[in-house]
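First up is the structure itself, then whatever we jot down about it.
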Amino acid sequence: MAQFYYKRNVNAPYRDRIPLRIVRAESELSPSEKAYLNAVEKGDYASVKKSLEEAEIYFKININCIDPLGRTALLIAIENENLELIELLLSFNVYVGDALLHAIRKEVVGAVELLLNHKKPSGEKQVPPILLDKQFSEFTPDITPIILAAHTNNYEIIKLLVQKGVSVPRPHEVRCNCVECVSSSDVDSLRHSRSRLNIYKALASPSLIALSSEDPFLTAFQLSWELQELSKVENEFKSEYEELSRQCKQFAKDLLDQTRSSRELEIILNYRDDNSLIEEQSGNDLARLKLAIKYRQKEFVAQPNCQQLLASRWYDEFPGWRRRHWAVKMVTCFIIGLLFPVFSVCYLIAPKSPLGLFIRKPFIKFICHTASYLTFLFLLLLASQHIDRSDLNRQGPPPTIVEWMILPWVLGFIWGEIKQMWDGGLQDYIHDWWNLMDFVMNSLYLATISLKIVAFVKYSALNPRESWDMWHPTLVAEALFAIANIFSSLRLISLFTANSHLGPLQISLGRMLLDILKFLFIYCLVLLAFANGLNQLYFYYEETKGLTCKGIRCEKQNNAFSTLFETLQSLFWSIFGLINLYVTNVKAQHEFTEFVGATMFGTYNVISLVVLLNMLIAMMNNSYQLIADHADIEWKFARTKLWMSYFEEGGTLPTPFNVIPSPKSLWYLIKWIWTHLCKKKMRRKPESFGTIGRRAADNLRRHHQYQEVMRNLVKRYVAAMIRDAKTEEGLTEENFKELKQDISSFRFEVLGLLRGSKLSTIQSANASKESSNSADSDEKSDSEGNSKDKKKNFSLFDLTTLIHPRSAAIASERHNISNGSALVVQEPPREKQRKVNFVTDIKNFGLFHRRSKQNAAEQNANQIFSVSEEVARQQAAGPLERNIQLESRGLASRGDLSIPGLSEQCVLVDHRERNTDTLGLQVGKRVCPFKSEKVVVEDTVPIIPKEKHAKEEDSSIDYDLNLPDTVTHEDYVTTRL
């Protein structure tokens, strides 16, 4: 048995270890490639350039190699935002691939611009898209540069791409059943849904809408509505589509925030998207605001600028209304409400009179309609009091005075609803819940009036009410009238929207009603399930004998579950604790049946009270909190809809005066009858070209004004968006990475500069060392004798002329003696070009003229150094080596005169003894060895003023036609041959 058990010993040390190996091995990088990618990562420009240049020659590395993270050198440079390296890599034609997409995702604008302007080589191999999708690319095939740029919402990148002429595929409708959509969904439903989501995410980009749409408001409205509808179909991506819809709504609101004047606001809100140049249109009907309400753009409608314009129109006749005391407001409204019949009669008689125009104002119209409805409710209250109680037993009672007074209001309400449905359309009428409530209320009143007429005609005798039939017309009419009264009173809640305190509460109540309807659906299902079970259990135990009262409304409840309807009532009232537990008992000794019945009844109460009722409370609390969080937006949107209903033309007169035909209505009716019903139809008089032209010019002017305002709004919005993005960006990990990359790049740049400076210094030192070595070697070779170097022969005067031809010319002029013949030498061999050394040039080729700072009188006494003819006397004196210090602003150098082909060492000696001849020349000495003999050569360096230098230049013309070049410095003048 021991062999079935694992025993650990020293012979099996690895039995408890899991061996690991790389399953998906990748190709390893060579050391050169690793160094190449590492240099790109660190931003070492010089090393990367060297690697690329060597790769072109020796092919040591693959410039398109990939690191373990799947990044090429170009992608690494893009990730580090190193534009210099990106430009360098592109210049060597590295493989681009998806680099543009990576640059867009990284939002490197400079890299995107470089990649867009980069022309791919004609011979570059293109990778098949299927391979890019599965192996090489991080992006799906439906992701294009413009779609990815729109996802990032980078305005600058989107602008660069749009300027290149890119396009976005147009998405099909939500419920499109075309062949393309059906086939794409059947082949790969996930890719089809993802592709649709990516396209809509790109189209919902605020930067793309602002840049490419002629009417950004209309585009945002339609796209938001379409995304909201799409979220109901694509339930899997509901949250994404709802977020995109909110993004479009917020963009429209932010764009409207940029308006700065009432003129701009009116141009935007009054613009029509379906403008026709030849149709006459009103320019002050708030068409764009109506469109926003239709698309439920609550953020746009509740925007402060929009609300300010609406408030100014609402209180047109009362500019200081909001600043008045509340008591003054109440008194004013009460007086206007009492006078609404007078205003209505004046409008009927003279619509253009001051009082007739006064009632057409939106605020006055609202007060008059409210006063009329309050009067109607007061009449309903009077009708419910039954002041006259003499005909209570009449089966068909005639209408009372109050009921006759109520009738015109009911007819006025019905006429108003018909007119509203005719003007706005059936679809818009149904979408408003208050209209549905009005429809139910008016239907109840019509049914009540009809039943009362039937009862008045059919039943005229007196009969005690207890003996009436259950479905008597009068009884049914009274029940319907009572229900209609409830609806009429609740209809007053709609007026709470105009108040800032009651408006949010009314909106919360409306949202809670939706939750109650959802709860009732689940509750009814539970109620029906338990009612069916209890009725099936207690159906056999129904009691009928000896009962004067049957049901749960009796003093002693019985037969609570005998029928399905009675069971439903019993379960409903049990929620409120109105059903006793003994209703589950039966007369027979069937304890098991009683136990099952009581258990079912108790389970129902637990589910309905503990679970469902608490769920309803939680739902209502959630709805109220949702409205409370957005109370301002919700209330302003509801108030705007109320205000817009009074801004409309028509519906001026309140009920019941709206049923009275006005002269204007009679004229319209006669005109309609004459046009449509008469045999001889009126022919429409054609309009003149002048009228059409003026109308077209007005509409075109409105369009141009709108486009101008939109251009300004877009500019302000983009500037604000960029400014807010920079403000909210803050310090992130990416910022520290970029800073680290910049420091690394700067480090390598500085190292490169220092390395180059050090190299140039070493090269110059080597050059000077080589020149000194060559001079020493020349001296050694010349000291051996003239037998080894017979190429060039110099005389004493040739040497003098070579060193200082200018001084020699001056000296020969003044001494009237010849200073030697012209120098005839062979052209020296070409040497490598070296850097100009000012001091060396002075020592080798130039004259050094001391520029005196003394006055003109002292300049004549300056010492002048020249070559003396007493060479023989100095030869006997022996070698004398002395140094001259050139005093030129602190410049001191040792003058080692080195002449090619001349084996000598000449040292300029400054005679401090101040030996001056009659010509003002100071004697200096130069020791020159010739054939192991030292010859003392007296040298002259003329020190002449800078002002006299130009005049003395002419003296050298007779001596040499090739004038020396003269360079003037601050304190001295240098003359070079």
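Glycine residues also receive a Cβ, built from the backbone N, Cα and C atoms like all the rest.
Feature annotations, courtesy of Swiss-Prot:
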TOPO_DOM  1-324  topological domain 'Cytoplasmic'
BINDING   H172, C176, C178, C181  Zn(2+) binding site
TOPO_DOM  384-403  topological domain 'Extracellular'
BINDING   E417, Q420, N435, D438  Ca(2+) binding site
TOPO_DOM  419-432  topological domain 'Cytoplasmic'
TOPO_DOM  454-475  topological domain 'Extracellular'
TOPO_DOM  499-511  topological domain 'Cytoplasmic'
TOPO_DOM  535-599  topological domain 'Extracellular'
REGION    615-977  region 'Interaction with ITPR1, ITPR2 and ITPR3'
TOPO_DOM  621-977  topological domain 'Cytoplasmic'
REGION    762-790  region 'Disordered'
MOD_RES   Y959  phosphotyrosine
MOD_RES   Y972  phosphotyrosine
Remaining residues near the recorded Zn(2+) site, that is with C-beta within 8 Å of the centroid of the site residues H172, C176, C178, C181: E173, N177, E180, V182
Cβ neighbours within the same chain of N435 (Ca(2+) binding site) - under 8 Å, at least six residues apart: E417, Q420, Y429
Chain-internal residues near D438 (Ca(2+) binding site), provided their CB is under 8 angstroms and they sit 6+ positions away: F413, E417, R491
Cβ packing number for C181 (Zn(2+) binding site), 10 Å threshold: 16
Packing count at C178 (Zn(2+) binding site) (other Cβ atoms within 10 Å of its Cβ): 10
Secondary structure tally of the topological domain 'Cytoplasmic' (499-511) (DSSP, helix then strand then coil): 10 helix, 0 strand, 3 coil
Chain-mates of E417, Q420, N435, D438 with C-beta within 8 Å of site centroid, Ca(2+): G416, M421, Y429, D432, W434, F439, N442
Outside the topological domain 'Cytoplasmic' (419-432), six or more residues from its ends: residues with CB under 8 Å to it: 294, 648, 650-651
Mean of the pLDDT scores, which run from 0 to 100, over the topological domain 'Cytoplasmic' (419-432): 85
Long-range Cβ neighbours of the topological domain 'Cytoplasmic' (499-511) (under 8 Å; 6 or more residues past either end): 433, 493, 623-624, 626-628, 631-632, 634-635, 638-639
Fewest-neighbour residue among binding-site residues, criterion Cβ within 10 Å, set C176, E417, Q420: C176
Sequence-distant neighbours of H172 (Zn(2+) binding site) in its chain (C-beta under 8 A, six or more apart): C178, E180, C181
Number of helical, extended and coil residues in the topological domain 'Cytoplasmic' (419-432), per DSSP: 12 helix, 0 strand, 2 coil
For D438 (Ca(2+) binding site): DSSP state (helix, strand, coil): helix
